[in-house]
Amino acid sequence: MRISPGEITKVLEDRIKEFKEEIDLQETGRVVQIGDGIARVYGLNSVMADELVEFVETGVKGLAFNLEEDNVGVILLGPYSQIKEGHIVKRLKKIIEVPVGEELLGRVVNPLGEPLDGLGPVEAKHTRKIEIKAPGVIYRRPVNTPLQTGIKAIDAMIPIGRGQRELIIGDRQTGKTAIAIDTIINQKGKGVYCIYVAIGQKTAAVARIVDKLREFGAMEYTTVVVASASDPAPIQYIAPYAGCAMGEYFMYNSKDALVVYDDLSKHAAAYRQLSLLLRRPPGREAYPGDIFYLHSRLLERAARLDDKMGGGSLTALPIVETQANDVSAYIPTNVISITDGQIYLEPGLFYSGFRPAINVGLSVSRVGGSAQIRAMKQVAGMLRIDLAQFRELETFAQFASELDPATRAQIVRGQHLQELLKQDQYSPLPVEEQVVVLYAGVRGYLDELPVESVRKFEKEFLDYMRTSKSSLLKLISEKKELTQEVEDELKKSIQEFLEGWHE
């Protein structure tokens, strides 16, 4: 087969016409120092704050954290043992994003959205930037829908609404995580998607939490984001923002979400470590000057959106650990001032067997009251007054024999109500069951019982209501208030039960 010179010429001319000169211009820099999860990079003159960069030789990504005159401080989001001085770093010209959506429900992932549960890759269709601006005032509406925790003391006296930020604060081992996990378990069937962010915790502790969530069927609507104690500080630093982005996906799609940050004390410590390594000037307790902004920009993203924005909500339950009950330390006071109230847990109550160890006097919910259902308001108002009076008189309880009958009656009522507020872990109650039990307490039906029989009464009374009076519970659940007719029926039910009940 012979090819004529004319054909060869034509092919060459066509190829020359098709040729496009492509120049791939990339801005790169070089590593001048590496260690402790931090790289100093020379070059990258146009890099933006918080922009993603890539270490070409290893494929590890990092965040441009410190922009200085002659170098860029990069925090590394992966293993850095293979990175050497002189390695090339290139800009990616984008902000860090994480996978979001319903595909993450039931999964345990790291803050980059990579699976940690061995169940295969996460097939998410959407991603979101981990740092975005919080919704403005104009796009929000007041908190007016309850988020039931299933815990009597909280739902009655420190109610939480959808879109609220409620801090859980207390010393280590006082049951802070237990309250958050019970709240997640209680969202079953309520259409609330949950994100649990574990920051700086032991991997074994997180594994136990995941097992419990699976046991109670809560992983169906929950994503667990883990930045464990063994993860580098940069991963712990981005964890809450990644969890928030996953929750925001549901909020901006007209759904309700709950995100738990466990805990922000360790998050602040990780940020302090990064800041000190990058030689940022230290302030109080060696934290950098923008530590308040670190948490405020995270927690401000929790909101209840107005109908024009879809009406979704993101509720935040940040957890902060105190040292020796010191609520006036730097991070606790910061987060208290950012949030809409706090649930304060006290070691003294915890060790005396009062669990959940909530100090009702120091705990407050600044906006949740308007979200409480009317039936609970009718019961909780009296409960709050009775407990406040009891706390005033408690010191006199040891002289009970010398007190007048009215004071003695108040002390007895308070002791019974305190016993009634005790609750086992992993046993959240539906709101209608809480209402009937607390109604029996505040109306004095338990005053004649020995204090030690109160828990037994509660268990057996609820069994009786579920089996014989389920229609009444359903009515309270639907009407959400104690009408005269419902109240009469409830009084009759309590009296009937007490007549046939044996301590």
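Just so you know, glycine gets a Cβ as well, placed from its N, Cα and C.
Swiss-Prot lists Gly170, Asp171, Arg172, Gln173, Thr174, Gly175, Lys176, Thr177 with the feature ATP binding site, giving sequence analysis as the kind of evidence. Residues or ranges marked as site 'Required for activity' by Swiss-Prot on the basis of sequence analysis: Ser363.
Using a 10 Å radius centred on the Cβ of Lys176 (ATP binding site) and all shown protein chains, the other Cβ atoms total 26.
For Arg172 (ATP binding site), the same-chain residues 6+ apart in sequence whose C-beta sits under 8 angstroms from its C-beta are Glu321. In this structure the C-alpha atoms belonging to Thr177 (ATP binding site) and Ser363 (site 'Required for activity') are separated by 17 Å. Of all the binding-site residues in the record (Gly170, Gln173, Gly175), the one with the smallest CA separation from Ser363 (site 'Required for activity') is Gly170. Counted over every protein chain shown, other Cβ atoms within 10 Å are most numerous around Ser363 among the recorded positions Gln173, Ser363.
Candidate binding-site residues: Gly170, Gly175. Fewest other C-beta atoms within 10 angstroms, Gly175.
For the recorded site, Gly175 (ATP binding site), the DSSP three-state label reads coil.
All protein chains shown were included, and the count of other CB atoms within 10 Å of the CB of Thr174 (ATP binding site) stands at 26. The record gives Gly170, Asp171, Arg172, Gln173, Thr174, Gly175, Lys176, Thr177 for ATP. Within 8 Å of the mean position of their Cβ atoms, the other Cβ atoms in that chain belong to Glu321, Leu345, Pro347, Phe350, Ala357. Around Asp171 (ATP binding site), the C-beta neighbours below 8 angstroms that are at least 6 residues distant in the chain are Glu321, Thr322, Gln323, Ala324, Asn325, Leu345, Pro347.
In the three-state DSSP reading, Ser363 (site 'Required for activity') counts as coil.
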